[in-house]
Each structure stands twice: as structure tokens, then as C-alpha cells.
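Structure first, commentary second.
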Amino acid sequence: MTKAPVAPVVLVILDGWGYCEETRGNAIAAAKTPVMESLWTAYPHTLIHTSGKAVGLPEGQMGNSEVGHLNIGAGRVVPQELVRISDAVEDGSILSNSALVKICQEVRNRNGKLHLVGLCSEGGVHSHITHLFGLLDLAKEQRISEVCIHAITDGRDTAPTDGINAISALEDYINHVGIGRIVTVSGRYYAMDRDRRWDRIQRAYDVMTQDGAGDGRKAVDVLQASYAEGVNDEFIVPVRIAPGTVESGDGVIFFNFRPDRSRQLTQAFVSPEFTGFARQQIKPLSFVTFTQYDSDLSVSVAFEPQNLTNILGEVIANQGLNQFRTAETEKYAHVTYFFNGGLEEPFAGEDRELVSSPMVATYDKAPAMSATAVTDTAIAAIQKGIYSLIVINYANPDMVGHTGQIEPTIQAIETVDRCLGRLLEGVSKAGGTTIITADHGNAEYMLDEAGNSWTAHTTNPVPLILVEGEKVKIPGYGTNVELRSDGKLADIAPTILDILQLPQPPEMTGRSLLQPAEYDVQSPRTRIPVGLN
């Protein structure tokens, strides 16, 4: 007998689509979004928290895509690496971290140099500069004679020219502790690419590994000269300013804690079968990453991954159900690796499809990105009729929002809105239920109070809309479901399990957003047109 098609729950994550009443600098408010506006009017909706303690970050700390997807997939508030490592610096336990102490001993025994590589930023998304200060304290305590800092500048999770403040603070701390020097400077556009643009990684790698005394400038002078040419922190061209080449016998500590933008540069240093560009592997070279960037990398890890059990993908798999994940390159790791709690391998019954992002320098040049192809991929998965859960990420609001260009971001928002309309038609035909939400804010706030471009994330809440399916009945909730107003990202997984009528495991401490109803759940619902055609 042929199995009846599955009516799926489709989770749509609009990356960087925050909520803000202020319309100035608000690309979402300025965009024409008839689908989202109709859905907001016609269907149950709420605002949920995506920053600070609600997602395991310090109070007031903006959320990000990694943290957002981790919390969504885990169904609980996950203490973040930023807090974990900051606590180690604060309480001094970083000084006795076994992986960090060991690399210092190896470098000292070989009479080599210790290289500290990472994003010099207070953004708290990929790193924090206070973690670098902790490493300088460690190097001093371990009596390392030569400490070379390879500074990567931000301008994406911070203001575009905030790097000069971070570098100045670093120089002050170097003077205070009496150890270390900045030897190279590189914008994150080059050193932290995650889209296999190996030419960018090579620019940073070559500067770090090729001999040379440098041009003798101070790091702040490099930044000021770049600003004068209209080049902000993100795009600082890699440059050597002082001696300190990474070479045989040395040790490297990569102090970024977020994996996705740290993998490629690490691969260039340690992978024996590396093919991104021609290079001679440096041996021996001790290498420590702050967190686990990839289980296949031959490195030591200072802060081992937390073990998350009974996360959403695992629960779906254990129930013998199928699931599907899709996103374009920029966000693919988020709907797979991060959504699965840092696991690389898919669960049983979990299918994935990567859609390539367009090969452009910055996404304001192609604001539609690959949203249409992502939509096509998702609709094809829905039409198979075999998936109980489908997870989709639209990267446009976040990736174009990060450029600081409002007009292209408006175009990006409008593209996603059109794609949503088409996607929802497909879900409706399958009798599925759609949850539309975001992982953090961005595109709703693109000008600061002084009118300057804002390229970072925000602490604003994000929308969540429940588009109820024709065939799906949600026992105990009635036909006009209400949603709680105090929710957070950790509540999404329990909500999905609620809709699928699956038990919530005790490890999943989030709470379903669905409000119990006092009326007959079988009473017919009058479908409200939402302008999807």
C-alpha cells in the first residue's frame, strides 16, 4: 500500500530579519513585503528574544547566526563559548588550560615563536579582545620570549572603523604586560572567508608565513591610512608591519571561538592534503584552536565542545522520521552543523542540500543571492512527501545587511518576501505547517543614532509567525492558536514537537510557544487569504 504523503512542519529562518518600530535606517520597514505583512495580520504571531541571556550570552550582547541556530536546534538555552572563555580569563583558569600550557611548553622547548591569531574585536561574535589579553598573560607566565600577534580587524560585528579602538587597546595591553608585538594586520574579508574563496585566505596566509621585516608602521597607522582611502576594517588588505614569520618550530593559537570563519585559514596551516592554493606545509608546527573548528583537523582544542543530547534533529531521527535541511553556502553550516549542536554528520533520515552562493565580492552586488534556488530546493523537498521537518535559511537580510548598503538590503528583503509567497503555496498544497522566524536582528537597524552606517547585528527581538496547515490539527490548541509573548529561540524546537505530537525530552528545557485553547479543536477554520498568489 502506498504511504500517504507527510504533511511537514517547515521552519523558515529569515537570517537577520529583526523587529524595530523605528523606521529610520530600517530596510525591512522600507521594503515592500506584502506576504509578510499579510501573514502578520492573518496568522498567530509573536516576538521572541534572540540576544543576551535568552540565548546564553552576557546581558546586552547581540545574538548571531551560530548562537541562534544552536539554540533553535537544541531547544534549550545553550551557554555560549564567549561566556565560557571570558569566565576562564576572569577567574584565571585560562593560565592552567592544559592545551594552552602544552603549546607554550613545546614552543619554549624548541626555542620557537608563539603566534596569536584572531579577530581583534569587542564584537563578541567570533572572538573577544579580552581573550587575547588573557593569552598575553599566559605567555608571560610561561616565559615565552617571542610572541607575535596576527591581528584580524572586524568592521562587521562592530562599527566599520571601530578597529582602531581595539588595536589601540591591544597596544596599551602589550605595553602593560610587557610582552608581544603586532606583526601582521588583515581584514576579516581575507583571513576569515568561509565560502572557499581561497584567493582571499592566501593573501592573509602569505603575509603571515613569508619572510620579511615588514614596513615598520604601527598597526593604528595601517588602519588610518586605509580609512583615508575609504577602506574600513573588514577589508584591510593583509600587510606585514614587523618581523615574526610563522615557521618550523613555532606554535599558533587561533583564539576565535566561532568555527565557521576560522576553518579555512586553519586548514591552510595544518591539513596535509590541502588543495586550496599552493603552499609548503610548515613542520613541526604546534597548533591550538580555542574551540573545535572541525573534528578532522589535526589540532589541539583549548575548550572542548559541550555535549548536547536529545536536540531537535536527534529527536526527529529517533522517532524514525525524515528531515531535510537547505541553505545557500553562507548559511549552510548553520542549518546543519550548528543546528545539530556542533555535529558534522547528519542524523539518520536527515537529508541536506547545499545551494551555492553567488561569487561576488560583497552581496550588495547581488542582493537576491541564491534565494530563488533555495526556494526551489525546499519546494522540491516538500513535494517528495517524505519529510516531517524541513529547515530552510534565507541568508539575504543578514548578508546584504552586513554591507551597510540600505538600498540593496531593501532589494534583498523584497526578494525573500516573494520567495516566501511561493514557498508557502508549496507548503499549503502539502497540508503542512510553517513557522517563520529569524535568528537575530540586522536589516531593521542600519543607521546608528548619529546617522552612521551600522553593519553589525542588533539586540532587537524577531518576529515569529505560525502559518497553520489545512491537514494538521494541533490537539489542545484549537483553530485560532495563540502564541506566548515571552518566548525565545529555545522555545521553537518544543513548539515543533508540540505540532508533530512528539514528546519533549527532559534535556530540552524550552517551552512550547503554543497557548492552550478552551474551544473545540475540530471546529472548522476559515482560511484567510494572505496574498500569496
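Every residue gets a Cβ built from N, Cα and C, even glycine.
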| note | Listed by Swiss-Prot with His126, Arg156, Asp157, Arg194, Arg258, Pro259, Asp260, Arg261, Lys331 as binding substrate, from among Arg188, Arg200, is Arg188
| To which of Asp15, Asp376, Asp491, Asp498 does Swiss-Prot also attribute binding of Mn(2+) 2 at the site defined by Ser65, Asp439, His440? | Asp15
| field | Sorted by sequence, non-Asp398, His402, His457 residues with Cβ within 8 Å of centre, Mn(2+) 1 | value | Asp15, Gly16, Asn64, Ser65, Arg156, Asp157, Pro397, Met399, Gly401, His440, Asn442, Ala443, Thr455, Ala456
| query | Of the binding-site residues Arg194, Arg261, His440, which one sits closest to His457 (Mn(2+) 1 binding site) when you measure Cα to Cα? | reply | His440
| Say you check the Cα of Asp439 (Mn(2+) 2 binding site) against those of the binding-site residues Asp157, Pro259, Arg261, Asp398, His402; which is nearest? | Asp398
| said: Around the Mn(2+) 2 site formed by Asp15, Ser65, Asp439, His440, which additional residues qualify by having Cβ within 8 Å of the site's Cβ center? | reply: Ile13, Gly16, Thr50, Gly63, Asn64, Gly68, His69, Lys331, His334, Asp398, Ala438, Asn442, His457
| task | Could you check which of the binding-site residues (His126, Asp157, Pro259, Arg261, Asp398) sits closest to Asp15 (Mn(2+) 2 binding site), going Cα to Cα? | result | Asp398
